[in-house]
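Trainee: The domain 'GPI ethanolamine phosphate transferase 2 C-terminal' annotation in TrEMBL covers 552-942. Annotated transmembrane segment per TrEMBL: 7-28, 431-452, 464-489, 501-525, 678-695, 707-728, 740-756, 866-891, 903-927, 939-959, in sequence order.
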Amino acid sequence: MKVRSSVFASFILIFEVIGIALFLRGFFPVPVKSSFSSKSKLSDLPAEPLTGSAPNSSRLPQPLFKRVVIMLVDALREDFVFGPNGRMYMPYTRHVVERGSSHSFVAKARPPTVTMPRIKALTTGSIPGFIDVVMNLNSPALLEDNLIWQAKTAGKRIVFYGDDTWVRLFPKHFMEYDGTTSFFVSDYTEVDNNVTRHLDSTLKRDDWDILILHYLGLDHIGHMSGPYSSLIQPKLMEMDDILKKIHSALISKEVEGSLPYLLVLCGDHGMSETGSHGGSSEPEVSTPLVLISPAFKRKAGMEKPGVVEQVDLTPTLALGLGLPISQNSVGRVIQSVLEETSLRDQLRFLHLNGHQLSCLLKDSISDYEKEVGFEQFRVAEKAHGNWMKLYLEGNTSEVLTNVGKKVLRQYLEALAAMSAALSKQLGKYDMYSMIAGMVFVFQLLLVLLLAMPEALSSAAAVDLPILSALLSLPFYLLCLLLASVHVLVCTSAGSSCYFCSLSWGLVFAAVAFSSAMFCILVSIATRRLPLGAKIHGKSPLRSSEVDWSLSELDVLLLAGTVGHTLSLAASSFVEEEHQTWYFLLNTLCLTVFQDVCRKYFREKRGSGDDEEHILPSKDRHPSAHPKAEIFSEKWLALATPPFTLLCCRLLRSLNQTGVQWAHIPDVGHWLNSSEHKVVLSLLSAFCLVLIYFLVQRRCSWVSKVALALGLLGVYSYRAAVGNVLFPWHHSGRTMSKGTVEARFVYVFILGILFSGTKDLLRSQIITADTKLKSRGLWEIYSGLVLLVSLLFRAHNLPVLCCCLLIQTLMAQFIWKKLHYDAAQTTIMHYWFGQAFFYFQGNSNNIATVDISVGFVGLESYIEAPAIFLTALSTYAGPLLWACHLVCYLSSERVRSPVAVGHGCYCLALLRSVPAAAYIVLVTVLRYHLFIWSVFSPKLLYESMHLLLTAGVCLFFITMEQSPSSSKS
């Protein structure tokens, strides 16, 4: 069965996406959870240890606090409170930390440092999985044991104001609530005012026990302008005033003889140097935790804050309120909070925490008895029983105190060891789904590799033996074998498996597909071997119809692509992957420069046809090309690779990315500072003008006008939000959200896209006009460029400008003049697209995703356009180069009719090899992937790149003319 190369590549990519989706479903670990379906109850608590007699009563110590107020400031970094600027940012809070009755800590959050997983960690004490990053967009109700459920069950009255993620996680738990959306990051004022407006009335009332406030404004400012924005200090001072108001109200309500209050100031996560979050850098995982209560000793001066885990707050609050600790909590009670209680109560609190952790350890680790922490807890529990015996006998000697302190230390060591063991047990992998997905992907990759000679031949078609494979005996035997394996695995699996939960119809389809792919694979392989070629009556050397002699450029492109794939086996290369692409791009420019020198200075050219070959356009008359023009063209071609190198070097300095050097100030930081706003304004205006001249050349006059007005609207939008200035603007003017200006640009974007789509459809359906189709493609491309220029931050406009400039020069003077084929051109586009992904400031870290662009032109949070705009902005580099590849190869069809098919096939191969290699890597290293903030986003990036490539290939198919139209 003959299949076109582009159709074949698209088919492979679509099924690869399905295979990787199955792999991801099994790979992202299920967080450590107890297998008990019920939640913890007071009646289930263990008895107090007592040696030599019947078990003691299961009494709980008296609760430590009557009322708790939790003030959670989203993206509050620890240096905003404890750092050198803490006294300036939050003076009252700093005073309480230094002189008040408080305890201060640096609470370490585990990645992923995004809001919903952090809320789950604070309320359940567990470590959420990285897949919760995706769930963060639409949080379902939290069903596992948690602090909020325990408080509600115990009759505590809970009031909540703030981020509506809490309302979605705990839909029926709050006595009173008012939620605000957390995704509309353009708003940093009303989102906090909606919380504060309830404070005065709520603090005067006595009908609540727990008050939770979640402020989002600081996080939104970080997303928009970073941690060094001029908006940061006013927002932190606002938060400081609110804390002062709450503290004063609690003091005024304090009644002598009653239980004290507890005021908690904390952050769910920090903020990176670029203002985002999600990764594992120190500013992202370090958050302040300030506990304020009259139950604590008053401090005499500033003390260095201790370091705790963020999940330690969960058991501390539970025991402080007299509640059971959540079953899945891996936290340990903060011992400083217990210092003012009796030694017996302190030991009892630690015993309850240890018992809960030991139960979770038993349920999570098969050989839990070998764990050091479990053994230490058993020893401490026994010593606790001996101490209780002496205590109940009325022993009041100093020996009793010393023994009690020793037991206390033993408990603390045991809690630390058990908590660490549970934290390392990040989750349980669904190995069956992972292996099934990996088998699918590798079968498809091998078929793609074996079909390469045919796909890149002059016919650009692949002969797939589908019918013979489906009618062969091995196919049916494989179906039976795989079905038997599936039944065996699913009936003997000790844990839940996603693949086993699928319906038998889907399972049979997967089994039949895998069996058929294996038979096709064997058939193609035998055809490629010398013996198979002789059986089919063909010479193995001629069957491919392709001359496989490799040039120096071919060797570089092949070695670079394979070398990049191999580099993914090292975590440091994944963290700093941009360095690999920068090196490969520089080497590519030098190799191209060598080819240019060889063509123009070393080869002997005749004056006839050979000289005509280097002329820039076929549309012009030969007499219109004097020697001077050919001479200038030669030097422009010679200058293109060095100019590309210069652009790449400048773009590297624009945005620091990766992990190790991301904190170093770069040109982008310099441009975004308020002192250099005039420079940024001039640079933005120059880039927008240059973008217009580079893009408008192939558009209709209507699209040219729309493009000019749209780019003017882009500058107006950036001026409205305060990034750049118009000459008549003054520095003290008020900023807006730029909604009107952004929507003004959207109108022109839609107009250009409509005009291009209309021309494209006319060329495909009504008339086979090549020029009309080419103009339609370039107009769609120009509409995409206008959209990207709107979404890019002002300091990133040079990235877009250099991208277009390099594309223009390479297409005009390199790819055409040096006669690079479709495969070589495709690989170059792929390399440039990957490099520009990092030039934008992206990395294999979710913290570099700029979610603020998802709300350009929106008044409120709308999920679909927000996700689309964010994804488009993130992958703008690869997408622009892939779209340029479509436009360029389509315009080259006259010279090479199979260019489109070859380009699609090469693009599919380039994305499939690293994706397949990477899933093998993470399978082998699944127990050693401690850098979740890098490895897991990399998997998501690879799957997104596959989806992007599949979309481009499907667009390739629409660009290929049918045989009938091509003949005409």
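Don't overthink the numbers, they just go from 1 along the chain as shown.
Glycine too: its Cβ is placed from the backbone N, Cα and C atoms.
Heads up, TrEMBL stuff is auto-annotated, nobody curated it.
Since this is a predicted model, take the numbers as computed values, not measurements.
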Trainee: For the transmembrane segment (431-452), could you work out the same-chain residues 6 or more beyond its ends whose Cβ comes under 8 Å from its Cβ atoms?
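Mentor: 8-9, 12, 15-16, 18-27, 462, 464, 489-490, 493, 497-500, 510, 513-514, 517-518, 520-521, 524-525, 528, 905, 908-909, 912-913, 915-916, 919-920, 923.
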Trainee: Do at least three CB pairs under 8 A connect the transmembrane segment (7-28) and the transmembrane segment (903-927), leaving out pairs fewer than 6 apart in sequence?
Mentor: yes
Trainee: Can you say which of 7-28, 678-695, 740-756, 866-891 has the most Cβ pairs under 8 Å with the transmembrane segment (939-959)?
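Mentor: It is 7-28 that shares the most Cβ pairs under 8 Å with the transmembrane segment (939-959).
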Trainee: Over the span of the domain 'GPI ethanolamine phosphate transferase 2 C-terminal' (552-942), how high is the average pLDDT in this prediction?
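Mentor: When the pLDDT values over the domain 'GPI ethanolamine phosphate transferase 2 C-terminal' (552-942) are averaged, the result is 82.
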